[in-house]
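In what follows, a structure is listed as structure tokens, so that the remarks can point back to it.
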Ligand SMILES: Nc1ncnc2c1ncn2[C@@H]1O[C@H](COP(=O)(O)OP(=O)(O)OP(=O)(O)O)[C@@H](O)[C@H]1O
Ligand SMILES: Nc1ncnc2c1ncn2[C@@H]1O[C@H](COP(=O)(O)OP(=O)(O)OP(=O)(O)O)[C@@H](O)[C@H]1O
Ligand SMILES: [Mg+2]
Ligand SMILES: [Mg+2]
């Protein structure tokens, strides 16, 4: 600090003596913070103990993992995934996830509007119902949805697609409604001030603000649904999950590796594609 | 200055612009619809055995599920608690691991340009591409049976979602505060800490809570690797064909997630 | 000595429909095992075969109960996985007495499927890809009978995920025919979900050995002997008897690797 | 329009305390007062963007405070509002932003597909020319400078053909010449349509120049009401008295 | 500070065209001009928030345009900046916002734990008192009114003890009295520290009142430079000539 700066400090500090005891966290808060920290640590210790987690097993973790991948998963059995039957199941999986994602997203638009705290047009009844619906969809794992729906509807793609649709609503509905909850209030107020109805407010003040976020979430959702679709076949709901289960059961890890590889390839292709689509969509929406 | 005809021409121009936009939009909708129709045809209309669905067994099975078996509720208390603990540990671990990945994978703050950005993105893709069932199997080989394998599997899955959403949040932060700090001569780390972190904290915590409830859901299948919890209870009910019991376990998961919602409501209020 | 003598033994079992019914019954059995070996027993009950096999291969588990086929697979990957005993089943309905069971092809009585020929073009249910009686035996031995792969003979081949699920699916008409294991089928019957007389039994396989109890052969010989003894003597204590009753068995009998050759003949490597 | 005993606040903290005033037809009323006095809050109470906690607001023969949702919508159509922070819809074009001003009159289906009537589009273009944005008609709102944005906001309010204009610092982002022009424009429209204007404004000089009446607000309390001529030094001192700095 | 032949633009479109001027010590230079003239752009070029495409900016004996990243940081510490849109960190408290002005002088570890030096905290409190925000010290920035936020921004710039102040419309959200006070405050500091101020301002009257020199910008070209006294009607007309409305 140079001389000038000190001089300035003195001069500005001179007229009044500001409270020299200012603290970022005043007394009770500071205590609460330490208590909270302590509680978190105690909870961690308790949880580890209650779940019988033996941390000693982590020693040599990466070595074992490396060995596992280099010896048992590598090399992936590429012939396995090049069989037409398998490739056909990949197409089916893609179709299933596509269909479920489109259905789920279409259903999610009105549901998430109802389920957004700030913009719900029907707060008393619609809001809690929509929330509960989204939560119900989300509380059941996609594999369990599959098992349940297979039990009800029998084997085939129908229970698979439905399970994925429900899964998709649980996921998208929540993200969509959260995107709505984050919008700026200004434009909403401006549109409301013109005397527009709730639907117009949604179309003009909400949609333009969430459009890009929603497009992103939708593409991402498809991604997530696709990954989920790779396992609904475990329980007879169609797609490549069947092959994954078979090779896992047979501990044919080279096949498992190959299947994972094929999933990753599809995902990467879809990611490149979706980045491109998103760019196009963003431009088209501008 | 402007005559009425020019005004008319402009009006017509704007109308045609929006019409053109509308045309492309409808084109896209049509394409989406056609693929949907094709998929519906192949997967649902042709594949489903409608006769079998029509013979009343569907209704009967649904009724069996609706006959909720509350007698098993006491048996679910400890597993529910275990599930909660597992999901919490997995989420915490996942969040800690997600922070560096998000940092690498956000193009506006990634430390080494394209190189580190790609690493971040690859990690995100890997973590999300592989289903938790497969991760669980991998971790059984690495740490044996039990809750740890399940927790690791869930944590790895969490990385993908949290780091992706957080890095996206980082990519579209308000640049004003960043400029203000740049103008004050702050270094990169300080800008990260003061202009970026406060802006993405709501997203991070929001997604942490979301991920927590996804993990509650996930932990219901971690019974596969001996992780116990509600997943094992669910399996027991299924193995015994106690349809009503299955519904009860599913309801128990719903209660846990409802609990998560309430916690998240409070947390959100406190933080944002 | 160059053998393993761990402080605690890790024992893993896959819950099947019958073993999951009374979790309380495991406790006395584990206690007997603890007393016999003088070791602490860590017990794991995951719900998938593959994770037990992976854990065995990773040496995270010392004693395990596997399915016949997953045993053959695991033994193929790591010959130090050694079978030592299995249940000796009571005769019950379609299930014969002995250390094994059979795979049988069922259809709903009164449906048009009353012979193997009538099944052409129908919907077949298998249990899951690694199930011996529910997938493997049908795929190998039954196809010798029909001289055609299953998915050509039947219009659709699906997996139900459980013998009980298959049985009930047939009962409810959700599928036309299914291969189920005789003892699992009887469990479903005992649970009141189906009746023996409701079904046609169109084909029955040779005897398939029961779920093998295995340990890792690196364990010290006297420890292995104690473990084996604990199981073979289970029928001599009241708690053990209860446990055996629960799985419809009289006792444990000693088994060796060659008893599982029939599975290998069925095509498992 | 007539306001009586208006009180309002945020989360328990009361901001406006018992404010009364009247606005006659063609009145151009300026509200002045120090920062944080509650000027914006007052303006926003009139069309119930902030819910008043007590008082009445008579407008078009009804009490705005007691209106049902659909009546409120109907009333808001007739009130044009210009915001301090513009509140444009960033991702829409300038013309679309202006057209949102017509939403109160547009059917649900039309608004769903953004199919505004031809005459509205014409009107919008005329207004945009009037505020000097003809070149920017197709630009997205987020590509405009502060001043340009403010003018879009003004056009949006004008397209409503309002019966009352609420204006929250219309000139704070404009340079002095445009600020004058905008104030003149608002005055003109007020006269043309014969409607009253209620306007928050920091610039006392602009207020005295354009407005027919001035209300001074301090800490949520009305401290002054009168013609610009009567706003003398002592009145100003009273309005801005509490300020520290 | 001296600026020569400065050109800048966005995405190919050039905004500033060959601007030259000098700022002496204790100079208070106002930049006036119509909306969209490039005033903000000019200010932001000085500390390279907008990268100039040509020209030199001499400050503290160096050309800012050629500095490396770390030298630029070092230089920016000495330049306080006040933004048109405040650019506060919304979710931090007022005092923390002010303290961010010291980040250029604070070590990484200290800034990680927000452990600012005690003297900085005192300084911040003094400054907050000076701008009349003592009561709001612990409030979060997003709970302030426009005027209050602007004053936080001013305190943040002042805590840098800058050698040059860049100011982008400091008064656009303030009421006239506070606006004057703020301008006076900035003038005072400028004299106390003997540093020059470069200030965008819409309000020509405020500019002539407080500034020692005025630069008129129109469409990216310098149209006027001189003392407030020499800014007559014809000069103003030239600066604001192109405006349509
Ligand atoms: N949403 C809000 N929640 C809580 N307090 C608020 C909110 N908006 C404004 N306030 C507080 O209410 C008081 C009045 O705010 P208001 O915006 O009406 O002031 P104003 O007179 O318009 O000031 P300015 O001239 O600075 O815009 C201020 O003290 C402000 O801190
Ligand atoms: N980030 C940007 N990208 C592209 N163009 C921009 C950007 N920022 C400003 N412009 C354009 O550059 C021109 C000058 O903008 P600038 O913000 O410097 O004007 P200004 O003189 O500060 O105006 P105002 O008084 O309204 O703030 C405007 O026409 C504006 O549309
Ligand atoms: Mg205001
Ligand atoms: Mg500007």
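Glycine is no exception: its Cβ is also placed from the backbone N, Cα and C atoms.
Automatic, uncurated: that is what TrEMBL annotation is.
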Ask   = Which of these ranges is annotated transmembrane segment in TrEMBL: A:10-30, A:31-51?
value = A:31-51
Inquiry  = Which range is it, out of A:203-223, A:224-244, that shows up in TrEMBL as transmembrane segment?
reply    = A:224-244
Ask   = Given A:96-117, A:118-139, A:140-161, which one carries TrEMBL's transmembrane segment label?
value = A:96-117
Query = What parts of the chain pack near the transmembrane segment (A:256-277), using Cβ distances under 8 Å and only residues at least 6 beyond its ends?
reply = 73-78, 80-81, 86, 90, 94, 219, 222-223, 226-227, 230, 240, 243-244, 247-248
Remark   = Same-chain residues at least 6 beyond the ends of the transmembrane segment (A:96-117) with CB under 8 Å of its CB atoms are 126-127, 129-131, 133-134, 157, 160-169, 171-174, 176-178, 180-181, 202, 206, 218, 221-222, 225-226, 228-229, 232, 238-239
